[in-house]
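Shown next, in structure tokens, is the structure this report addresses.
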Amino acid sequence: MLRRRLNRLFGGDEGRVHSRTIYVGHKSCPPNEAYIPPKFCDNRIVSSKYTVWNFLPKNLFEQFRRIANFYFLIIFLVQVIVDTPTSPVTSGLPLFFVITVTAVKQGYEDWLRHKADREVNEYRVSVLEDGRRIRKMSAKIKVGDIVEVEEDETFPCDLILLQSSRDDGTCFVTTASLDGESNHKTHYTVADLESDLQYLSATIECEQPQPDLYKFVGRMHIYRNSQEPDVRSLGPENLLLKGANLKNTQKICGVAVYTGMETKMALNYQGKSQKRSAVEKSINAFLLVYLFILVSKALVCTTLKYVWQSKHDETWYNEKTQKEKETNQYLKMFTDFLSFMVLFNFIIPVSMYVTVEMQKFLGSFFITWDKDFFDPEIQEGALVNTSDLNEELGQVEYIFTDKTGTLTQNNMEFIECCIDGFQYKHGDGSSELDGFCVTDGPVNKIQQKAGREREELFLRALCLCHTVQVKESTKQRQDQNDQFDQIDQVDGLGLDHGFLDPPQKEMGFIASSPDEIALVKGAMRYGFTFLGLESKNMKILNRNKDVETYELLHVLNFDPVRRRMSVMVRSKTGDILLFCKGADSSIFPQVRQEEVERIRMHVERNATEGYRTLCVAYKHLSAQEYARADADLREARLALQDREEKLMAVYNRVETDMILIGATAVEDQLQDEAAQTMEALQGAGMKVWVLTGDKMETAKSTCYACGLFKKNTELLELTLRTLEDGGRSREERLHDLLLEYHKKAVQDAPPVKLGITRSWSVAGHDYGFIIDGASLSMVLSSSSEPNSRRYKNLFLQICQNCTSVLCCRMAPLQKAQIVKLVKNSKGNPITLSIGDGANDVSMILEAHVGIGIKGKEGRQAVKNSDYAIPKLKHLKKLLLAHGHLYYVRIAHLVQYFFYKNLCFILPQFLYQFFCGYSQQPLYDAAYLTMYNICFTSMPILAYSLLEQHICIEVLLEHSTLYRDIAKNAMLRWKLFLYWTALGIFHGLVFFFGVRFLFSNPALQDNGQVFGNWSYGTIVFTVLVFTVTLKLALDTRHWTWINHFVIWGSLAFYVFFSFFWGGIIWPFLKHQRLYFVFANMLSSVSAWLVIILLILLSLLPEILLVVLRKPRGPHARQKKSSAGDPQSPQSPARPLLTRTFSDESNTVI
């Protein structure tokens, strides 16, 4: 006894190393043992990142891990420690602004998490203690508590279902908050428990917490008197997950097994890996260039300072102090170098990071607010889960898409079936006996049919082999024979057509897959109706309107490896039957081979027509066979270690030597505008790959329907079928086929013109590639490493030279492998994955950009995606319009920031040549501080949010415009050098233009001369007006916001200069700008030079805009609409609504 207690406490025995023991209701078991309460975490949920005490140090540490922030911190500290020419405020205030804005944003987001945690933790729940019902906070639930949950309430922790108000011991739950699936799922109570849980004495052994929502292994030991404990197996069907909701069940009771941060929901709460956009990488590269320029300027000035001092004697008015004379020469040179670094450090734009973050965050709302993305069917629009990748939407080169639910609607409709090789189609107006209309048979005899017994066996299989539940009204159904023909049940809803009484309208089907509902509805058409499951008894209504009852013995659940599911049932006569349905590739090897050929022809024809096919088989089980299978299943379900593998072995042993009855065909229609969307994306230069788990024939027909494959497309097939041709080994055949396809698609292909990715007009040069999962495994993991690397390269080159690629029979991991293979290939192309199901999550997370479809396979894809859209057709606007504009905006923002800071600092650098390299600042400290924060920040932010250089309608109509910005076109070195040269030109004009003005000794009416602060103020005034008006010239889409921020920023600068220089500030030691600005504007010469220098600086830009001829399709459209004043492209449009498409197709 002591040993058992120690084992339970420390997990000492072999079977419990990776398990935990839970005492139900905190009672000792057996009752004569002492109860040692185990230690588990409480039920508090903590999703927040910070606390009140650690927010400041933790947040600051995280922010200063960014290189730019750390750099400016070092500059600030240098200004504080070393005697530098500028005040520490000049770099400290912008840095403080950046850090504060980011901290406030992150603090607010964490406060929302704290608020959500508080709501969850303080939620009141009912707990049964000593037979009494007690209300307590959710956070105080402990492992072992018996919790009561009522209908529509949320489960406060992970529970094992002990008791249900339903007679059959089941309950229904929805897990929308976990995986997004809104379908009702059935869970079962532990069998044969006491009706009064107060007297239940039991322990639960289960696995340690792990994040897989669909896996759970455990067993319950039930102690009754002094007998040996009864053992019950526990699986996922007994586990109710925290966050799920109780539905269609009055109340349940369950024991807490995982609480707090050990619940499956909490273990799945983790951030996705951080994705970095191509723009961010370009920013880092540009920063290195400007950092090099900064260091070079500081080195040049430091060197020239000491050269100048060696040639000039020390001035009488600036004699060195004794301390300066005793300072080490090298230390003094290093200090001077740091001082110059501080003086020129504004060439690195610290505020750009804040502006980029705000642009991404605010810009993401335009996707959410887009009314074109709203889908009336689900009453939802687009969703942005991350705003860091907005511009990446404009750089996509490869699209990897799922088929079912993405290219197709996942709205299943039963089309036909095949029984014993005879095809059956349902005719609505048919007078054929038994509701069947036979359209053809294997020998094309119209009236030939399978035997009635086989037909009924097939229909019984459809009615029994599933996990569908019937949701009934409280009123018992009457006259079922007539009513079922009037019900159209789609996705769990019973739709009345005017023939049913109001209470009966509530009847409908509940299923986790639309396939199963389609098959049950198909059986209903032919006279067999599934009435529901009651206390392990399945009832069906046959053609003769008699109710048949079958005892449900076991369900052999579907899994993606077996690709089939089965049920064992016992009829009233005592016969035990196994019914099985699944994919043809998984059913055919398990049945008698002489029956396969009769069905295979129909399955392949249906797959070619684009239908989803399932094969149906059955098997009679003798009493001995069932007894053995029942014992093996119970033993496997009680295993704590390797339960799934043991169950799989039993399933495969039972599902052998079956008799094939027939097959079904279910249609999954194409998504709206799927073909148009694919054509537009390919026209934009993107290559589309379809990655699906479906059969090749079905997927191929979908590709033809979507326009991915054309009539003249030559298909290169690398599947098991082609590998087994020729009588050679698969490895040799794989090698030969890869070389053959490489020669055809790569070596012999004509050279492709720049910007052209597809040539549909030239027959023989349009290739499509098809590969299946087994062949891909051989390509990716060949027996020898050199061969594997070579196969990958050949495979990749072939695929990249094909217009479209179809990968069928893919496992989720293989989808991610393909995406990773392309993503890491030469040139690092930008990839996008789009899907709607849980099996698409891996490729969505792997791609640069992940898109989730709000479909019918749950919301796991949506939760793990970067962006979510209701339908595939919305991808066209998301990429061609939003992606294009976001990229152009942020690219212009980045180039403009570097340009305006170069304009800002170059005059400061040139000024050192005229002041003896004395580190004298050209601008006042207030100007240094406010330049990036106030004077020039808002116009570029407004531009980066609102600019439309080409109107959206033109972008959608002419998808080829997307190619103009491909491969990071606007952030290439050529354009970067252009902006840099423009900044240098403007900086030279500002400085030497004002110096030319100062060659006049008397600039005022009274003969007084201007000082050095007047000099810097004039340069700064020309600078602010020029860079702001430069942005105004670049703006093609004017709104009132653009007008407000551009002219408002200039007005604010003038106001601030008057205000700052018009008051004596007591906290300033040196009032450098006192009345300088007002005094400067009193000179006509200053006014003239300011205006002339602004015009001179912008003259090249103005001439470029005026003389440049519009190009591109929108220009032709403008010409054709020039005579129509109402046309959207007419020049008569007012300035506020004109776009760049009226002017040009080029942005500089």
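Glycine residues also receive a Cβ, built from the backbone N, Cα and C atoms like all the rest.
Automatic, uncurated: that is what TrEMBL annotation is.
The domain 'P-type ATPase N-terminal' annotation in TrEMBL covers 37-91. The transmembrane segment annotation in TrEMBL covers 64-82, 285-308, 337-356, 926-946, 975-998, 1013-1032, 1044-1065, 1085-1107. The domain 'P-type ATPase A' annotation in TrEMBL covers 122-263. Annotation source TrEMBL lists Mg(2+) binding site at Asp402, Thr404, Asp836, Asp840. Summarising the annotation, TrEMBL assigns ATP binding site to Asp402, Lys403, Thr404, Glu516, Phe558, Lys581, Arg612, Thr692, Gly693, Asp694, Arg809, Lys815, Asn839, Asp840. The active site, 4-aspartylphosphate intermediate annotation in TrEMBL covers Asp402. For 862-1109, the entry in TrEMBL reads domain 'P-type ATPase C-terminal'. What TrEMBL records for 1114-1148 is region 'Disordered'. The compositional bias 'Polar residues' annotation in TrEMBL covers 1138-1148.
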Please compute the mean pLDDT of the model over the domain 'P-type ATPase A' (122-263).
84
Measuring Cα to Cα, how far is Asp402 (Mg(2+) binding site) from Arg809 (ATP binding site) in Å?
12
If we call contact 3 or more Cβ pairs under 8 Å (sequence gap 6 or more), are the transmembrane segment (1044-1065) and the transmembrane segment (926-946) touching?
yes
Arg809 (ATP binding site) versus Asp836 (Mg(2+) binding site) - Cα distance in angstrom
17
State the Cα to Cα distance, in Å, between Arg612 (ATP binding site) and Asp840 (Mg(2+) binding site), rounded to an integer.
19
Just to verify a number: CA distance, Arg809 (ATP binding site) to Thr404 (Mg(2+) binding site), in angstrom, no decimals.
12
How far is it from Gly693 (ATP binding site) to Thr404 (Mg(2+) binding site), counting Cα to Cα, in Å?
9
For the transmembrane segment (64-82), distant same-chain residues with Cβ under 8 A (at least six beyond the ends):
88, 90-92, 94-95, 98-99, 287, 335, 338-339, 341-342, 345, 348, 350, 353
Rounded to the nearest Å - Cα separation of Thr404 (Mg(2+) binding site) and Phe558 (ATP binding site)
18
A correct count of other C-beta atoms within 10 Å of the C-beta of Phe558 (ATP binding site) gives 18
By a simple count, how many Cβ atoms lie within 10 Å of the Cβ of Gly693 (ATP binding site), its own Cβ left out?
22
Nonlocal neighbours by CB distance (under 8 Å) for Asp840 (Mg(2+) binding site), same chain, sequence gap 6 or more:
Asp402, Thr406, Pro812, Lys815, Ser833, Ile834, Gly852, Ala861
Summarise the domain 'P-type ATPase A' (122-263) by DSSP state, stating how many residues are helix, strand and coil.
16 helix, 68 strand, 58 coil
